[in-house]
Every structure is written in C-alpha cells, then in structure tokens.
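Notes for the one structure printed next.
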Amino acid sequence: MNKLILGIYLYRIFSRAYFYLPFLLIYFLIQGYSIIQLEILMASYGIAAFLFSLYKEKCFKICNLKDSNKLVVSEIFKIIGLLLLLYQNQYLILVVAQILLGLSYSMMAGVDTAIIKRNITNEKYVQNKSNSYMFLSLLISGIIGSYLYGINIKWPIIMTGIFSILTIIIIRCTLVENRELNLIGETKGKIKKFLPEEKFWILHYSFLRALILGFFIGFIPINIYNDLKLNNLQFISVLTCYTVMGFVSSRYLTKYLNYKFVSEICLVIFLIIYTYQSFIAVTISMIFLGISSGLTRPQTINKLSSSSNLRVMLNYAETLYFIFNIAFLLMGGYLYTIGTIQYLSLIHI
C-alpha cells in the first residue's frame, strides 16, 4: 500500500470521527431552544455550505490552493466551529458555529474523491473501501461519543476537535499529490452538459442524502429523546443500527444490490416501519435507513466514475443536497411542531 492510499484511508477515518454528531440536536435541545430554533440551527449549516459551494471553485482558483491544502483549511474551519459550539446558551454564537462547520464541509466535499480519481489507478476499489471506513469511523466514534456524553456533554465536541487536529497532521504527512495534475484537474472544471443518466444519479445522490441525513441528524434524535423517551443504552442502540448497516451495505452489499432504486425502496420501508413508534419498530427501521445510506454514495460514484466530469458532478450534487436538506429541515421542523413524527414520515413517502 503506497503512502497516498494509506493517507486517503486515514483521512476518511479521522475526518469523519464525529463523536458529537448523534447528540448535536439533543445538545441544542437541553439549552431550551424551540423546535423551530433547533431546525434553524441545523439548517444554517446547510445554508452556509450551499452558498459557499456556489463560489468555492472561484475562491480556490484565486487562492491557488492544492487539494491537500483545501482539506487543511476545511479542518481549521471545523476546529473553530467546534470551539464555538462549546458556548452554551448563546444562540447567535451557536449559529456562527454551525455556519463555520457548514463552510468546512463545503470546502472538503468532493476534494478527496478528486485526489483518488487523479492519482490512484484502482480508484473504484479505493473509493468503496474508504467509503466503508467512513461508516466504521462514524460507528466507533458514535459509541465512544455516547460514553463521553454520559460523562460531560461537551467532551464529544472536544474529542472531535482533537481528531480534526490529527486529521491535519495526516494530510500534511501523507496526502502528497502532483501539483501539475492538480492544476489540470481544476482547469477542466466547466465541461460538457450532463447526460440524462448522469442527471439521474446526481438527483439520486443529493435527494436521498438530504432525506437520510435530515432524518438521522435532524429528527430521529429529538423524536427518540423527547417522544419515545428511550434511555441512553436504547438511544445509542438505535443509532448504532444505522451506522452498522451503513458500514455493512457500503462494504459488502454494493456489489450485489445493483438495482437502480434499491436505496429508495429501503428508505420507503424505513419510513413505513418508523411510524409505528416503538423501540423495536424504530430499531428495525434504522436497519433499512442504514442500508439505504450505505448504498447511496458508492453506487452513485461507481456509476459516474468513468466520466471525466466526476468532480463537477459531485460538486453539483453536493449543492443540490444542501438545497434539499435546508428545505427538508425547515419544512420538517414546522410539520413536527404541528403534528407528529408519523405525519412527518408519511409526508415523504
């Protein structure tokens, strides 16, 4: 294994170690904010990411940054955002924190994929394997984060910041790429129009991710904490089902479940089962949500990887994802305040 491939694996593991993410909504909730305020906080992340995505190629071109340096800047923004998250009961500061975290995500979106495509010959294998490592990282960091959360609600945030610092070290030591290739890749930014099949996979990726992550981060935690009143063990068990099945489907099921709409089918099954609102039903439903999530990214990249337009398509898909995610969080927050989680779920079937 060469240094660059090892660096990609380590980068995707350490940068996706979000110890705090399953508890972020609860962290905001216990500070006394309303549901609408909570969803505005969550949506501000997507709004910042969306707005920056419209201009990020121009910004990067002006700054003349190598891809590895873009990832470093992204992690620096993440660290600052995490530090601001520690200021409890300061709503505007928390909004700024979410904005910085959204900018961080938008900066790094698609960059590691572009590094793989330009510098690694067996790119599909590395993409799929490293994608499964991301779910494994989410799983382990979520479990450790639940333990840290039980000790002190700020510790998962602090631990995520520590891993961001380690991520910067990993980038500096391993993600060494060819500068000429990097510039060539960026000059190809505005390429031909998307084919109908490419448009389908762009929409498939962006819309599904917006729904899946909107539910997982924006509604499920508050529902099982506020409405179902699950204890800490049950809480982490439900969320663990998602990450375990995300890892399994990303690593092992991608080769076998090649049907075009399998992710959508799994998402619909999740929505139907979730409406029964019991611990068992919610746990089972999370299995299907995890499968849907684990298949979405590798399936999309596998279908689009042969195109020279991959980076542009992924950037466009991420921009659409932000739009869908913002709309879903704001609309969902309103529906949740006037109805129930069953109503919210059925609206999206």
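Numbering starts at 1 and runs along the chain as displayed.
Even glycines carry a Cβ here, placed using N, Cα and C.
Listed in TrEMBL:
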type	residues	note
TRANSMEM	9-30	transmembrane segment
TRANSMEM	36-55	transmembrane segment
TRANSMEM	67-85	transmembrane segment
TRANSMEM	91-111	transmembrane segment
TRANSMEM	132-149	transmembrane segment
TRANSMEM	155-175	transmembrane segment
TRANSMEM	200-222	transmembrane segment
TRANSMEM	234-253	transmembrane segment
TRANSMEM	265-291	transmembrane segment
TRANSMEM	320-344	transmembrane segment
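The largest share of C-beta pairs under 8 angstroms with the transmembrane segment (132-149) comes from 9-30, of the ranges 9-30, 67-85, 155-175.
Of the recorded ranges 36-55, 67-85, 155-175, 265-291, the transmembrane segment (9-30) has the largest number of C-beta contacts under 8 angstroms with 155-175. Taking pairs at least six residues apart, the transmembrane segment (200-222) and the transmembrane segment (265-291) share three or more Cβ pairs below 8 Å and count as touching. Long-range neighbours of the transmembrane segment (234-253) within the same chain, counting only residues 6 or more positions beyond its ends whose Cβ lies under 8 Å from a Cβ of the stretch, are 22, 128-129, 131-132, 134-136, 138-139, 142-143, 146, 216, 220-221, 224-225, 279, 282-283, 286-291, 293-295, 297-298.
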